[in-house]
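Visitor: Sharing the features that Swiss-Prot gives for it:
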SITE      R145  site 'Required for activity'
CARBOHYD  R145  N-linked glycosylation site
SITE      R152  site 'Required for activity'
Amino acid sequence: MSLEIQDSEVDIVIAALQPNLTTFFEAWRPFFSRFHIIVVKDPDMAEELQIPTGFDLKVYTKSDMGVLGATSIDFSGHSCRYFGYLVSRKKYVISIDDNCLPAKDNGGLTVDAVAQHMSNLKTPATPFFFNTLYDPFRKGADFVRGYPFSLREGVECMLSCGLWLHNADYDPMTHVVKRNQRNTTYVDAVMTVPLGAMMPVSGINVAFNREVLGPVMFPALRLRKEGKHRWDTLEDVWNGLCAKVVCDRLRYGVKTGLPYVMRSDAEAGKALESLKEWEGVKVMDVVLPFFESLKLSSTSVTVEDCVKELTSIVKEKLGPQNAIFAKAADAMEEWTKLWKSHGAQSA
């Protein structure tokens, strides 16, 4: 059931939160140069972007976002990458944070994160029964004894969640306590996230089938004091939970593991002691049980149907508990309209 993915079907979307992207693009040149690239500049950043030549890319700025008209969606900070998802016209999107460089595997070879994401998306996922030997479609692996033959064809993978080395992706309090701790373990594995299992998807290093999953790849949940660092945000985690619920309902797959990227230390030393209380802790204590118990109805047969139903449930069940959930539901509803008017077209 493996698919073929052409280079012309892929957009690489980069959210530019820093003005000088020279080091980033030069490091990724061997892997990015054959693809079309969308760079979305944080609308709050005044400085001009510095991008080396030799890439097939288009830069989108605050003025481009203004074309959408009045909208409740905030595309600032890390959320600016979602504008890239909206304006892309390719079937697949790969997005990597601008403070990440190519990683090296256990043999010292530089990892082609783009190629690995494409491999994850074009080979089937196996969400309905866990294969204890990781991804059975990777070279050197297979289905284990006892794995039902009726399930071995798998289903299409819609979301590929990559990982990272070096600077860890912690919540603020953990970042303070473990300021000097680094991710150093490279695990050479890919696995399908089982049906019904939830996980915190990170926007640091991710790829997805935009043609199918685009309507649910939105920036909806924003914390009251959201900043420009990953530890300030939950937009990607909320987005990932929504996407996973939709994939489970429509019998699509989600993978996690390879590829790795190398996160820089640029934000690791920031003073975080002032963050005595992070709203995200309390939010996640509400969010996770909600998504774990959520079952979309059998009448939702498309991603758009699922998003509409999910939006209604969020508004009804979570909205009265906290204003940020009500605003998230509004943003999800708004994204549906924007997708129909600006995002639904394909190349």
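Cβ atoms are placed via backbone N, Cα and C, with glycine included.
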Visitor: Taking just the CA atoms, what is the gap between R152 (site 'Required for activity') and R145 (site 'Required for activity') in Å?
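Guide: R152 (site 'Required for activity') to R145 (site 'Required for activity'), Cα-Cα distance: 12 Å.
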Visitor: Comparing the recorded sites R145, R152, which residue's C-beta has the most other C-beta atoms within 10 angstroms in this structure?
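Guide: Answer by Cβ density within 10 Å: R152.
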Visitor: Please classify the secondary structure at R145 (site 'Required for activity') using three-state DSSP.
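Guide: Going by the DSSP assignment, R145 (site 'Required for activity') belongs to neither helix nor strand, so it counts as coil.
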